Structures are given as structure tokens and as C-alpha cells.
Amino acid sequence: MRAEGDGGLERFCSPGKGRGLRALQPFQVGDLLFSCPAYAYVLTVSERGNHCEFCFARKEGLSKCGRCKQAFYCNVECQREDWPMHKLECSPMVVFGENWNPSETVRLTARILAKQKIHPERTPSEKLLAVKEFESHLDKLDNEKRDLIQSDIAALHHFYSKHLEFPDNDSLVVLFAQVNCNGFTIEDEELSHLGSAIFPDVALMNHSCCPNVIVTYKGTLAEVRAVQEIHPGEEVFTSYIDLLYPTEDRNDRLRDSYFFTCECQECTTKDKDKAKVEIRKLNDPPKAETIRDMVRYARNVIEEFRRAKHYKSPSELLEICELSQEKMSCVFEDSNVYMLHMMYQAMGVCLYMQDWEGALRYGQKIIQPYSKHYPLYSLNVASMWLKLGRLYMGLENKAAGERALKKAIAIMEVAHGKDHPYISEIKQEIESH
């Protein structure tokens, strides 16, 4: 039997990659290939009160759950529909109080177990790939990853034992490994984290650093649209990672999270690497060793900053960004991706501190190189135009604001589809100013 999903696509065996998704008909840029409802999903804790727990709608005046006072809903219908999942957490949140702190992965996995019990047969999210078929890469897990899974299993038992029956430890190890490899993060139009989910049919797609589709979200529905022309017989590729970085960094990330090395055209030719690690034009050009050392420093500082976010103050974080940029600028151009990474982090800190002018200054330096380094239709570029547009509008520069927001819309009409609520909201922002 040929496994066909929404017309025009089939599951097939991709040489050297295992399972994959292939087009049976042509798709133009902006065409919707398919959509997939979430099999299981969870709203991130920090977005409670901003979004409905059930449908992820973003609106004012949501009603809170009368029992736990932690979950918010559009109306009684959303609350009732969400109860089979919310009941896993409602009374435990009251009982544990401040000590209720399972990770998002644990929360999502609890919901998968509940879903499997409520709905053991195949769901509309699994037209081409069932959750139980997910790759776990169990044989490739190192001790550190196994230890992390064991601590997740302990937390699952600790917080969810009242409302869930658990399979044995080995089955839970497999399930957590599957979630780690196949889970998705749902993000909003500015790429802020909204939650985590499982979209089985979307997980069927293999990775490429020059993807021909992009995945976006409409509430808890994933939508897959073409960002390149796709011909019948061609494989459908998405990107699993941020494509800003040079080949070696991308593959380090892919090996660490997904256990493979990419061999797409971008990785084989390394065409963009030179521009991505642009070296400052000096009368006395830096030696190869100096460049190597600075790349090593850049990677270390990126990791140091990622950790520091959890415990340092905004002003300390800004200092790390500024000092590292100063040091790197002796060797790197401003358009170098390691410089851009720290500028982006600095912009984020400025936004957090409500330093709108500071955020705008960083955004203005980032946007042109971003447009060069990323693919043509990139959510990273769209979200940067969006942030810039909103900053300009807030600082009363309407003309620049409108220009930037229109650039964001041009990308989003392809990536999200012309009828996406985000696009109507942005058009509204332009009109109301």
C-alpha cells in the first residue's frame, strides 16, 4: 500500500535517510502541502493568562480555572475540551504549590501517555506516521542523555502518579528519547516560545539546510508550506535547526540533537560559510590561527551566555554581550554570524529592559546580514522585520515602521499563508497608527 496523506504526498524510503515524505504533484511557493493537528501539546508556563490552554488563542480577558487558578481559557467549551489533559495537573498544582515544577518535556510526555490511553487507535495527526513508529536513537544516547531521561522519568512519577498509569522504565526511556527527537516547539510571530507539541506527520519530513518547506502554527495546528518550487517525485525537506550558523556548527547541533550529519548542497559546498564567518578587512590580515581561536572563543561565549541567562541579571547579561562583541570585532566583521548572535541576544535583553532605542539600534545592525545569511523566506528574518517595525511604531517613526512591517508581511504571506490571523493583526497595527 502506498501511504498517502493529504493528496499529493506520500511516505517513502529516502536513500540514506530512512523514512521521508515525497511530493506526487507540483507545489508552487506559498502552497500549503498539508496541515497536521497536534497529537499532544502543552502551553508553556510563562504564557499562562496570555493564551488559551486549549486552543492557544491569544486574547485579553481569558477565564481562569476555578480549581487551580493557573490555567486560562477562552470559554467553557475550551475548558471542557481541555479537561482530560488539564486534570493531570489541576489538583497536583494546588497540592505541590510552589514545588510544582516539571519540565515542559515531562508535561508533554504525561499528555502523550494520557492520549494513548484515551485514544489508542490512530488519530488524524498520524495519517502517514504513527507516534509508536517514532525513531528514538536509543543506541546513540550517551550517559549524560540517559541520566537526563532518568531524571525526567523520576519527575513524571513524582508529579503525575495520581492520574496516570505508567509503562515500565524501559518503555519510558524509549518514549522520552522519541519526544526529544520528534518534539516541536510552537512559537509566535516573533519566534517567542509558546509551548511544545507532537506532530507525527510533520516529524516524517527529513532535514535539509536548504529546505523546500517551512512549518508554521495556527493555534495548535501545524501547517507546512512550500518555500521553493517542488516537482513531483522530489523529497520534501524542512529544517530542524537555526540556519544562521556555518556548516560545522550546524552539523554539531544536528549530531547532538538528532544523531546525523547533513549532506545537503549547503553542507557539501559550504558556499555561505565564508560570508558567515566574515573577517575584518585589515592592512595586516589576521592569521589562520587567530581566526580559529576567535571562532573557539565565540562558540564558548555563546554557550556561556546561554547558561548565564538562567541566573545573571539583565545588566550583567548585556555586559557579556558588549564585551564579547568588542573582543570579536578585532577579527570579525559586524556581519559575522557570531557577532550577530551576540547582537541578537543584546537586543533581547534591551527589549526585556524596555530600552526601546537600544533594541532598535541592535535590530538595525542585524537585519541586512540576516537577510543575506538566511534563506529567502525565513521566519527569523520576518520576525526581525516585525520587531523593528513595532519598535519604530512605538518610537513614533510611522514611515519606517510601516516599511518594516510590510517586509515582514511579504515573507509571512508565503510562510504562514495570506489568511493567517497574525497577518491580519499586523495589518491592523499599520492601520491603527
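Going from the start of the chain as shown, residues are counted 1 onward.
Glycine residues also receive a Cβ, built from the backbone N, Cα and C atoms like all the rest.
Sequence-distant neighbours of TYR258 (S-adenosyl-L-methionine binding site): residues of the same chain at least 6 apart with a C-beta under 8 Å from its C-beta are HIS137, CYS181, HIS207, TYR240. The annotation S-adenosyl-L-methionine binding site is assigned in Swiss-Prot to LYS17, GLY18, ARG19, HIS137, ASN206, HIS207, TYR258, PHE259, PHE260.
Annotated Zn(2+) 1 binding site per Swiss-Prot: CYS52, CYS55, CYS74, CYS78, in sequence order. CYS74 (Zn(2+) 1 binding site) is surrounded by 18 other CB atoms, counting those within 10 A of its CB over all protein chains shown. Mapped onto three states, the DSSP output places CYS74 (Zn(2+) 1 binding site) in coil.
The number of other Cβ atoms within 10 Å of the Cβ belonging to CYS68 (Zn(2+) 2 binding site), over all protein chains shown, comes to 16. CYS68 (Zn(2+) 2 binding site) carries neither a helix nor a strand DSSP state and counts as coil. The annotation Zn(2+) 2 binding site is assigned in Swiss-Prot to CYS65, CYS68, HIS86, CYS90 on the grounds of sequence analysis.
Per Swiss-Prot, the feature domain 'SET' maps to 7-241.
The zinc finger annotation in Swiss-Prot covers 52-90 and is backed by sequence analysis.
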(request) Taking the recorded Zn(2+) 1 site as CYS52, CYS55, CYS74, CYS78, identify the other residues of that chain whose CB atom sits within 8 Å of the mean position of the site's CB atoms, giving them in sequence order. (result) GLU53, PHE54, PHE56, ALA57, LEU62, TYR73, ASN75, GLU77, GLN79, ASP82
(request) List only the single closest residue to CYS78 (Zn(2+) 1 binding site), chosen from the binding-site residues CYS68, HIS86, PHE260 by CA-CA distance. (result) HIS86
(message) Which one is it, among the binding-site residues CYS65, CYS68, CYS90, ASN206, that lies nearest to CYS74 (Zn(2+) 1 binding site) by Cα separation?
(response) CYS65
(request) Compare the C-alpha of LYS17 (S-adenosyl-L-methionine binding site) with the C-alpha of each of the binding-site residues CYS52, CYS55, CYS65, CYS68, HIS86, and give the closest one. (result) CYS55
(request) Among all chains shown, work out which of the binding-site residues CYS52, CYS65 has the most CB atoms within 10 A of its CB. (result) CYS52
(message) Please identify, among the binding-site residues CYS52, CYS55, CYS65, HIS86, the one with the smallest Cα-Cα distance to ASN206 (S-adenosyl-L-methionine binding site).
(response) CYS55
